[in-house]
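Listed in Swiss-Prot for this protein:
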{"type": "BINDING", "residues": "Asn117, Asn146, 174-176, 187-194, 415-417", "note": "ATP binding site"}
{"type": "BINDING", "residues": "Glu503, Asp582", "note": "Mg(2+) 1 binding site"}
{"type": "BINDING", "residues": "Asp582, Asp584", "note": "Mg(2+) 2 binding site"}
{"type": "COMPBIAS", "residues": "1-30", "note": "compositional bias 'Low complexity'"}
{"type": "COMPBIAS", "residues": "39-57", "note": "compositional bias 'Polar residues'"}
{"type": "COMPBIAS", "residues": "1262-1271", "note": "compositional bias 'Low complexity'"}
{"type": "COMPBIAS", "residues": "1312-1321", "note": "compositional bias 'Basic residues'"}
{"type": "COMPBIAS", "residues": "1389-1400", "note": "compositional bias 'Acidic residues'"}
{"type": "REGION", "residues": "1-57", "note": "region 'Disordered'"}
{"type": "REGION", "residues": "1235-1400", "note": "region 'Disordered'"}
{"type": "SITE", "residues": "Lys531", "note": "site 'Interaction with DNA'"}
{"type": "SITE", "residues": "Asn534", "note": "site 'Interaction with DNA'"}
{"type": "SITE", "residues": "Arg707", "note": "site 'Interaction with DNA'"}
{"type": "SITE", "residues": "Lys708", "note": "site 'Interaction with DNA'"}
{"type": "SITE", "residues": "Lys757", "note": "site 'Interaction with DNA'"}
{"type": "SITE", "residues": "Tyr791", "note": "site 'Interaction with DNA'"}
{"type": "SITE", "residues": "Ser797", "note": "site 'Interaction with DNA'"}
{"type": "SITE", "residues": "Arg838", "note": "site 'Transition state stabilizer'"}
{"type": "SITE", "residues": "Ile890", "note": "site 'Important for DNA bending'"}
{"type": "SITE", "residues": "Trp965", "note": "site 'Interaction with DNA'"}
Amino acid sequence: MSSFESDSASDAESAFSDASSDFTPSSSVKSKGKVPLRDSTNTTAQPSAPATGDASDQYQKLSQLEHILKRPDTYIGSVEKTGVEMWSFDAATESMIYKEVHIVPGLYKIFDEILVNAADNKIRDPSMRNIKVNIDAENNTISVMNDGKGIPIEIHKKEKIYIPELIFGNLLTSSNYDDDEKKVTGGRNGYGAKLCNIFSTEFVLETADLNTSQVYKQTWTNNMANLTKPKITKLKSKKEYTKVTFKPDLSKFHMEMLDDDILSVLRRRVYDLCGTVKDCNIYLNDKKLSIRNFKSYVEMYVNAIRERSPDPVAPEGETRNYSTIVHEVFNDRWEVAFAVSDGSFNQVSFVNSIATTSGGTHVKYVSDQIITKLIDALTKKEKGKKKLNIKPQEVRNNMFVFINCLIENPAFTSQTKEQLTTRVAQFGGKPSEKIVISDQFIAKILKTSIADKIRTIVNANEDKEMSKADGSRKSRIKNQVKLVDANKAGTKEGYKCTLILTEGDSAMPLAVAGLTVVGRDYYGCFPLRGKLLNVREASIEQVSKNAEINSIKQIMGLQHKKRYTPENIKSLRYGHIMIMTDQDQDGSHIKGLIINFLETSFPGLLEIPGFLLEFITPIVKVTITGRGNHRVIPFYNMPEFEKWRETEGTTCKWKHKYFKGLGTSLESEGREYFAALDRHMKSFHALQDGDSQYIDMAFSKKKADERKDWLQAFRPGTHLDPQIREIPISEFINKELILFSMADNVRSIPSILDGFKPGQRKVLYGCFKRNLRSEIKVAQLVGYISEHTGYHHGEGSLAQTIVGLAQNFVGANNLNLLQPIGLFGSRAAGGKDFSAVRYIHTNITDLTRVIFNPLDDDLYTYVQDDAQTVEPEAYLPIIPMLLVNGAEGIGTGWSTNIPSFNPVDIVANIRRMMNGEEPVDMTPWFKGWEGDLERISPEKYKVSGKIEQVDDDTVEITEIPIKTWTNSVKEFLLAGLGNDKPWIKDMEEQHGINIRFVVRLSKEEMDKSLRMGLLERFKLISSISLSNMVAFDPQGRIKKYSSANEILKDYYWARLELYQRRKDMMAENFQNQLTRLSEQARFIKLIIEKKLTIANKKRSEMVDDLKKLKFTRFNKNGKPVHDEPLVEAEELAEEEEEAAGDISQLNLGLVAPEDESQYKPETTYSQYDYLLGMAIWSLTRERYEKLLRQRDEKQEELNELLKKSAKDLWNSDLDDFLVGWEEFLRADIEARNSFGPTAKTSTRKRARKSTKSEPAQKKTKSSTPKASTPTIKAEATPAQPVVKEETNKQPDLLSFFSKEPSVAKTVSAAPPKRKTPKSKPKKEIVSLFSDSSDDDITSFSVGDAKPTPKPSTNNILDELEDLKSSTFTPKVGAAGRRRPKSYALAESDGNESDEDYMSE
């Protein structure tokens, strides 16, 4: 007990033995000129003078000893018996018990002071092993003895008395007054043991000092008023000790004896030492206590709690270890244990062995950490919730915290030391000695019942919060302005009423119009604003603040957590809900969300038959227009309409109208619908077994894997039976809601064929349809695409899609299909920093039409949207753009993340597959990126930037991980430069062509960074995963691919099949031209030989003659007509003029009629126009001979085509692509190396240049493609040069015949072009269906037209050279790549307007 409570003046040693001889101090111990303290008289022992009543008698001066005895509560607490609930030790059961005891706090405190002194000695002398406490209640005697160093037995140099007497018999003496010395003992103010002495009738001190080999013993009596001379004897053993024995002055505490209550508390305090003093044996009444450490000490409390509150049952599927103590020794100074309390916060804490029964800053600091981390951990488990709806105090009330800590120079609220006041920052210790609650500690706590208790509290709070928005059955609701309330709602007949929930405000007029039919007594309407919240995993905050849900609850009168049955449904304002949404996928989703809301919050409602209804309206109305068969057929879903169109729709004439939304219908139609309410109203079947599981699968975030299986099992054509009157919820989910989920995935997941999502596909289709050749404002292009491609979403999203297709900074597209003419975003912000779309321009790039070959356009299947033909279901470019540019997206149940790869590697693998070889593994590649890729697993790559140390205190960052943007790195560096503990001295940005951050560090931080690794310290490492490559396969099914080569293989076979179809189409077109030329030659020959006369004949007579001569008929698409029945001209006489106007507006190539069934068949007349439309001057023998030569040439071209395989055609396209790719890379390098004000100008020049094509006969093999489409050479023999279009036209064969529309006229049918300067050469017209009756009949070359590439300038270009020279033996030119008739276009000179040739 080393001079108790730090009261010793020096470290000395003691021993467990009595002195063998007496020792009498000499008179020299008395100081000169000063009376020793032991000889002074305590003034408290003298009687005070009686008061005389004057002012002097009213004001007294007391000595400190007198003050302590008169005002003991200031020093030791109350000296009156006080009833208080606290932990005590039950000697009978030998266990802790929490009960109300009546004790005198002052008596407890003086005992505690002696006990703490004994514990403090363990800090001074770690070799101390024993503390022995004896409590003799009968004799009112308490003794505390400890081994270890004793009190120095020597004379104090200044006070001239023995040090033991100084520190135990004189106030304000201590060794703790040096505040510069950091101590973790309990003594602090110099009172301690003296207070015990003062409040004792007898106080005996005994200590042994090994240094002097003496034993010191001294006795004080009469409240420290009297003392004996010290008895000093010789120490016989070599063990030091200190022992204090005292008899409390029970009269001062108004007690007669030590009763059971105070004894139980004193015994508990002795047990406290078992837990707080490490490696020390604790004895009580000569019995060694079995508690060995803090954890076993805590178990005594937990066992007591368990006896009062048995363990609850753990939730199913979870493990709860309620009885185990969560205990951790964090460091030498902090030891913490946790248990679950029984409803109120409990703490048992010790500071330097002092029992802080009222807690303090140390308890708050630890418990606050536990509470915060508990809430955070439970919040993470409750996905979708920002924070649990619980207050920290509510968590605290369920905690029992045990703390044993050492704090330097602790401060308390008073001398009683019940509450620590030391600030956290002054706890002291090294950083490693601070207390930080670990995640492992929290994880263990979560396995106790605290988690369940917190959830119970959260649920109660949420219920309380949700109840605030509860409705009630009242006749009028005043705060819902948009509600059209039923007159009977909220009355005793309210259960008969039906609330119609419409999809948005636009549908309200239709519903309100219907109320004029059914009346307003039992029907009300309310518009839903957008889609209802998915409440399944939503936080209570989200649900309680959701306006739509609160409105429904108020309007319906729903009360939170009330279980509704057919018996109590009369308590609602409405007895039914009827959903009235659009008949599209989004409408189905809204229905599903309402079902999900009811099943989650009010499941009883769905169990009531007829509660939930839906109102259906037609999505398509078909009007049969045939004579005597005029009728209207409504269709309520698209699969049903598509099936009808392919069957019955082919047998009659009809027209149709799409109803994309309820707002499309007229109010009169609304009244018509409600008049036939039974036909348009369907009910949902009451909840059946398994329905809840389907709802959970469709809407729970936890069921993502199940949704994947559900969507993979989908088959096109799936739809809900329109005849069913009562819809099972499972049927609705599996046959209607699934259509929305599939549509969501289609919007979010790309196709393997073209790598596009629908929005991107629409953009490209719109550019092709517009025949985009010169730059156009993005804002203008947005409007055009929105109008012509059936885009039904916001134009802002469409603009972002266009910008995304044009972005070419590092980390964006490897191959941008649109030109970024302007500021389209940068690597700094990941492209989000693009300029307003009204300022930036775009155009298709040179390579776009090389990759998306026009010859394929007629081979695609095009989507029908609202009676309009729009983009193809999927393009099939000559290389897989999904691998070239990669893709990311999040759909329903599925997401995708596909990195980009090098087009050179892709082409090489395609050619390997052409040669029957297996493709080799490809590594992700990003144009312009110079970082490092390292494969760390089959499905993962490590992505590293570049950083190097340039001198002792400087590093340079010259590359960052791909998809990490410059601004993010800058933010990280600035945070290191300016936070509370900056580790960066300075940072500069010196970006030029490439990234360059220059960062300066201190020597210490540089050393630390080098130890950690520069890449790691500066967070220049990320990863690329190949484990989530999802796309729609060629059959339109969602598929997860395991590798890039698996994607390539699926693409390869689809593309190869399309090449075969292209070849077949080209061969068929060549054959048709041969037939056409032959028939024209035969026609001219008959005219010349006068075997056929056309002059002075009626039109019908001429057609009859041609029929008899069996001339082949050709339809408007240039194909021969063989089997179609002829329509007699007489029957079509009236219809022909009307049809001519409509048919002339049809697109003759890509775009089909809006609805083919609305148009009349072709007439026989038009099918002979290729003969009767020939100019008169063509009827000559020269023309006849020329046609025969052209026929032979065409036959030769056909023979050349038939010699080639599909692979030959593909390889030829790949050759052209590689040449264009080389030029593309050169231009990209030049653009990135360009600086100054001329950069933008040069970009625009290139854009204009790309729209100008040289005449075909002037091109050489060394030239590279400049046009946005592959050039198709129109070659002619020397003897027969290509004839230009004549400006002076000859008279027509018959005055009422019009010359057959040439391809040039097809192009010019659109709005007139701006005039071209005369100096510009005329552009040749190239057509696969060249059918002009004059000399302008074009032949096609099948020779090798592969241009020679320019010399390579870098490694990428060298790879291109190697690839072109070493793979795939056959070398086939660009011969078969000809435009179909629909793409027969005059070359642009750059000044022409963009013509919409697809709409002509």
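Cβ coordinates come from backbone N, Cα and C, glycine included.
Overlay of Swiss-Prot feature records on the structure.
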| residue | record | contacts (Cβ under 8 Å, 6+ apart) |
| --- | --- | --- |
| Glu503 | Mg(2+) 1 binding site | Pro527, Leu528, Met580, Thr581, Asp582, Asp586, Gly587, Ile590, Gly661, Leu662 |
| Asn534 | site 'Interaction with DNA' | Leu593, Asn596, Phe699 |
| Arg707 | site 'Interaction with DNA' | Met697, Ala698, Ser741, Thr892, Gly893 |
| Lys708 | site 'Interaction with DNA' | Gly893, Trp894, Ile1038 |
| Lys757 | site 'Interaction with DNA' | Val746, Arg747, Ser748, Ile749, Pro750, Ala887, Gly889 |
| Tyr791 | site 'Interaction with DNA' | Gly759, Lys762, Ile785, Leu798 |
| Arg838 | site 'Transition state stabilizer' | Lys777, Val778, Ala779 |
| Trp965 | site 'Interaction with DNA' | Gly811, Arg827, Ala828, Ala829, Gly830 |
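Mapped onto three states, the DSSP output places Asn534 (site 'Interaction with DNA') in coil.
Neighbour count (other Cβ atoms within 10 Å of the Cβ, all protein chains): 12 for Ile890 (site 'Important for DNA bending').
For the recorded positions Asn117, Thr416, Ser797, the greatest number of Cβ atoms within 10 Å around a candidate Cβ is found at Asn117.
The 10 Å shell around the Cβ of Gly192 (ATP binding site) contains 29 further Cβ atoms across the protein chains shown.
Neighbour density around each Cβ, counted as other Cβ atoms within 10 Å, peaks among the binding-site residues Asp582, Asp584 at Asp582. Sequence-distant contacts of Lys194 (ATP binding site), defined by Cβ-Cβ distance under 8 angstroms and a gap of at least six in the same chain, are Phe168, Gly169, Asn170, Leu171, Thr173, Met224. The Cβ of Lys531 (site 'Interaction with DNA') lies under 8 Å from the Cβ of Asp586, His589, Ile590, Leu593, each of which sits 6+ residues away along the same chain. Across the structure, Gly192 (ATP binding site) and Ser797 (site 'Interaction with DNA') are spaced 77 Å apart at their Cα atoms. In terms of C-alpha distance, the listed recorded positions Asp584, Ser797, Ile890 place Ile890 closest to Thr416 (ATP binding site). Taking Cα separation as the measure, Ile890 (site 'Important for DNA bending') is nearest to Ser797 of the recorded positions Asn117, Asp584, Ser797. DSSP assigns Arg838 (site 'Transition state stabilizer') to coil in the three-state reduction, outside any helix or strand.
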